[in-house]
Amino acid sequence: MIGPFTTEAVLAYGYAAALLAAAAGLDRLARHVAGRSERHRTGGFTYQPERDAWVCPADQTLWPVGQDRHHRFYRARPSVCNACPRKPDCTPSRRGREIVRALRPWPHSEAGRFHRGLALVLVVLAASLTLIEAVRHPAWPDLALAAAALAATAITGWWLTGHLRGTPAAFPEPGQGPPSRDRYTTVWRPE
Amino acid sequence: MVPGAGTRRELLVSRRWIQAAALVAVFGFFVMGLLAYRTYTVEPPVPRLVVGESGQRLYAGRDVADGQKVFLANGLMQYGSVLGHGGYLGPDYTADYLRRAATAALRARGGGDRAREQVRQEFRANRYDPRSGVLTYTRAQADAFTALVDHYRDYFADPRTDKGLRPYAITDPRQIHQLTAFLSWTAWIASAERPGAAYSYTNNWPAEPLVGNAPTADTVLWSVVSLIALLVGIGALFGAVGRWGGHLGWRGRQAEAIEFRSPDQVALTPAQRVTAYFFLVVALLFLAQVLLGGATEHYRADLTSFFGLNLAELLPFNLARTWHLQLSLFWVVAAFLAAGIFLAPLMAGAEPRGQGKLAWTLLAALAVVASGSLIAEGLSIHGLVRPGDFWGSQQFEWLDLPRVWQILLASGMALWAVMMWRVLRTTLARDSRGNLPWLFFLSGLAIPGVYAVGLLARPGDTFTVTDFWRFWVVHLWVEDFLELFTTVMVAYMFVQLGVVRERVALVVIYLDIILYSAGGVIGTMHHLYFSGTPVEHLALGAFFSAMEVVPLTFLTVEAWSFVQLGARQHLESRTPFPHRWAVMFLVAVGFWNFLGAGVFGFLINLPIVSYYEIGTGLTANHAHGSMMGVYGMLAIALGLFALRYLIPAGRWPEKWARVSFWSLNIGLAWMCFATLLPLGLLQLHESVASGYFEARSLGYLTGRTNTLLEWLRLPGDALFIVGGVLPFCWIAWLGVRHRGRRAATDPATGLTPAPRLSDVRERVDTA
Ligand code: HEM
Ligand SMILES: [Fe+2]
């Protein structure tokens, strides 16, 4: 006995709670990694939300030039870039440095959905363990712990699924042809 | 300068990278050399003769060696363990012998506090005389030995199968005597004090109050030191990345705009097309492995019957587990070899004549080795092969292959290395020895090289020495060279696809060599805290293996995110990215590297934790999370990468790839978190609170809570097998059915051009 509760109940519901914490922790960590991988592309560049523009290490501005359902594209003036001494480390393009920004960055990437999915597995497992233990020993006051664990599970589950509800993965399926909007034609052709 | 050196392509990265990598590796292996020397010079002695106080002969040194062979040949290392190493269903026979012998001695002395103290002193005193090579047991110890020969005779001659062993497993009285001698020797080194020290040869392992075994001061001290080392290491690395990370070269540069070729446009070389058969074999071995895993698991959930069938007569627990482990190595290695065959021509741009035939030869050789060794192990466990037999019996856990098969497997991998050489020869001749093709080739060479070291572990040698070499393979393979080979392969795939620049990939690889070798080489010793090796093995093992976690954290958070870059690259191409699921499996590799290897590995890595934990459920938790999570997922990623080109685009089973991906990952996460982790934590608690002997007893393992937890993994396992493995088998079958489109061979040179996988849409400025 631990206080008024049986040891088994405390261990079972405690483990369920630990699973929820692990789910939240994994999700945070994965989000952090995604942020870093985002920055590999944009390292040295700063986004200025008030102007919706990026500023490059040489203090030039990249303005928005186009957008599809999930991303917005920004580009610097080609004449500026082609004259810039730092160009070789910056871009291979003759049409000016470009940056892609995901409109809803996390967890809408594929990797994000994977990590979020695994976090949800832990939530489902926490719920299953709680229910199994409650059915095995439906005794008061242990059931109060079960109720608390279930409530915590529901909240974590709701929170983790929130971002996923109603947003399909933005991956062009093979066989569907090119993505619905082709920015190479729509953005570059006018130049 | 060497003639012709001028024609080599320049090294793409700074020479300092090579120097740093070489320095770290040389340092690591220099220390390993010293440790090998120390292992041989201060290993626990095997007495020439063991006698009782009145001079009667109990057993000889030869009996210990023969007993070890009997132990191995009967697959007992895949059932229970000695010195903590082996399977987890049976007892740890070292702890088992020690407890039974000490209890018998205590009873003989009539019990009580005085008797306890006397027994403790008797077991701790080292009565081995190095000059004559004779070890003298006290009267109580000698009586216990005789009694235990009887005990093990009954135990192993049991006609029932309710332990999971086959009926009448060992009946020959001579073999029982030898086996008991071997167990008695391990118990002796576990309790007798090392000359000049106040702890036993095994650093006081196992915890056994009756003989005064408790954690040593070193065990505690080095646990603390290694914990600090880890924290400082991670802090330093992140600090360094924050400070210099920008200079590593993969920061902030816009990628080339590329277009991926549709799989239908990619014509394959003859050997590349043979890999379809490789991957089908891989898938079938995988299926067999998980089904055997199901049988193994069933024993743990319900020991006495397999849905009403007496399975243990045909497929006893230890045989199922032997095959389960063997197959896990076979299918992963086969996938790696196939991936090498597939990737090498891409790197060289062409494939020489005859490579297809060699690929067939290799596949046939692998099939022979796999089936031959599995059959030999089966015969041996059923008692049909002489212990220690060259053809039929070895069976160290993980190095189960009998010797001849081990040699054949090493030669098979050597043949593969030759095949790599044939393809890459001209590329290698034209390139700097520090560039990607050379790294690919050298890290590939290391795979047979390290495996061959396992041949140094012979069934009749002292256990301390055999375990030392065994872990060169088990540990150095997975925690150093395979990690390295993995990074090279993955980096290489991305370079080939055009999503990562070669220079960036090289920097990541060199960083990898440095970080993995810094901790991983000497870290091998974290398996040898308590196997009879001296205390410096424990100290260095704890310190350096803590350092291993640094790259796992770092590479997950930092460099593995370049995999995610790959996943994202499709945004910038007009043609769809063909490798959605291969890349997702690589993302999974990164995840499990962090969780299964890094977190679950470090959970059991401190000497003080290992002291109570070794050979219990938390090891299984870590082993599954890392072996399947990292190398299993990787093998599948490599498979899907190749299969994408072997199956016509219109036939590509996108849906089944997705189902397989989610099922394998959810199934594995469920397995770890529903069963293995909680079970291991409870068992660790039992080990600390009640005792190691108790925590490993069948009574504890088949208790109510444990049984419930074992059944709890059923949904996850079912999903893993049905939703994960079967679809992969289907995809592999499609690969064999279609086998891609054949590229035309140039009849004059015999070369078959290898395809390009992508085109640069907007070229890098040359001006
Ligand atoms: C992908 C990398 C890894 C793989 C595939 C792997 C695999 C394994 C396997 C299969 C075992 C069981 C060996 C046996 O049964 O004797 C094991 C044991 C062990 N691993 Fe790992 N491992 C990896 C990384 C790590 C890391 C990074 C650490 C810690 C820093 C670690 C610490 C340990 C320890 C301490 C044991 C011994 C447990 C025992 O003997 O009871 N491993 N590993
Ligand atoms: Fe290891």
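The backbone N, Cα and C atoms fix where each Cβ goes, glycine too.
Residues or ranges marked as compositional bias 'Basic and acidic residues' in TrEMBL: B:758-767.
The domain 'Nitric oxide reductase subunit B cytochrome c-like' annotation in TrEMBL covers B:47-207.
Under the heading region 'Disordered', TrEMBL lists B:744-767.
Among the features that TrEMBL reports, transmembrane segment is placed at B:17-37 (among others).
Positions annotated as transmembrane segment by TrEMBL: B:220-241 (among others).
Taken from TrEMBL, the feature transmembrane segment applies to B:274-295 (among others).
Per TrEMBL, the feature transmembrane segment maps to B:358-384 (among others).
Per TrEMBL, the feature transmembrane segment maps to B:436-457 (among others).
What TrEMBL lists as transmembrane segment is B:469-492 (among others). Within its own chain, the transmembrane segment (B:469-492) has Cβ neighbours under 8 Å at 336, 339-340, 343, 347, 396-399, 436, 439-440, 443-444, 446-447, 450-451, 453-454, 456-457, 500, 505-506, 508-509, 512-513, 516-517, 520-521, 523-524, 526-528, 548, 563, 586, 589, 597, 626-627, 630-631, 634, 638, counting only residues six or more beyond its boundaries.
Remote same-chain residues near the transmembrane segment (B:504-526) are listed as 12-13, 17-18, 20-21, 24-25, 28-29, 31-32, 35, 237, 248-250, 434-436, 439, 471-472, 475-476, 479-480, 483-484, 487-488, 491-492, 494-495, 533, 537-538, 540-551, 554-555, 559, 562, 605, 610 (criterion: CB distance under 8 Å, separation of at least six residues from the stretch ends). What TrEMBL records for B:504-526 (among others) is transmembrane segment.
Here TrEMBL flags B:538-560 (among others) as transmembrane segment.
Among the features that TrEMBL reports, transmembrane segment is placed at B:581-608 (among others).
The transmembrane segment annotation in TrEMBL covers B:628-647 (among others).
Here TrEMBL flags B:659-682 (among others) as transmembrane segment. Cβ atoms under 8 Å from those of the transmembrane segment (B:659-682) belong to residues 581, 584-585, 588, 592, 596, 600, 613, 616-621, 624-625, 628-629, 632-633, 636, 705-706, 709-710, 712-713, 715-717, 719-725, 727-728, 731 of the same chain, restricted to positions at least 6 beyond its ends.
Annotation comment: TrEMBL describes B:718-736 (among others) as transmembrane segment.
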Contact ranking winner - B:17-37, B:274-295, B:436-457, B:581-608, B:718-736 against the transmembrane segment (B:628-647), Cβ under 8 Å: B:581-608
For the transmembrane segment (B:220-241): best-contacting stretch of B:17-37, B:274-295, B:581-608, B:718-736, by Cβ pairs under 8 Å: B:581-608
Criterion met for the transmembrane segment (B:718-736) and the transmembrane segment (B:274-295) (at least three Cβ pairs under 8 Å): yes
Long-range environment of the transmembrane segment (B:17-37) - Cβ separation under 8 angstroms, sequence gap at least 6: 11, 434, 468, 506-507, 510, 513-514, 517-518, 520-522, 524-525, 533, 536-537, 540
Same-chain residue ranges lying at least 6 outside the transmembrane segment (B:358-384) that approach it to Cβ under 8 Å: 73-75, 166, 169-170, 270-271, 274-275, 277-278, 281, 285, 316, 318-319, 322-323, 326-327, 330, 334, 337, 341, 391-393, 395, 400-402, 405, 408-409, 411-412, 415-416, 418-419, 422
Cβ contacts under 8 Å made by the transmembrane segment (B:274-295) with residues that lie 6+ beyond its boundaries: 306, 311, 315, 320-321, 323-324, 327-328, 330-331, 334-335, 337-339, 341-342, 356, 359-360, 363, 366-367, 370, 632, 635, 639, 642-643, 646, 717, 720-721, 725-726, 728-729, 731-733, 735-736, 738-740
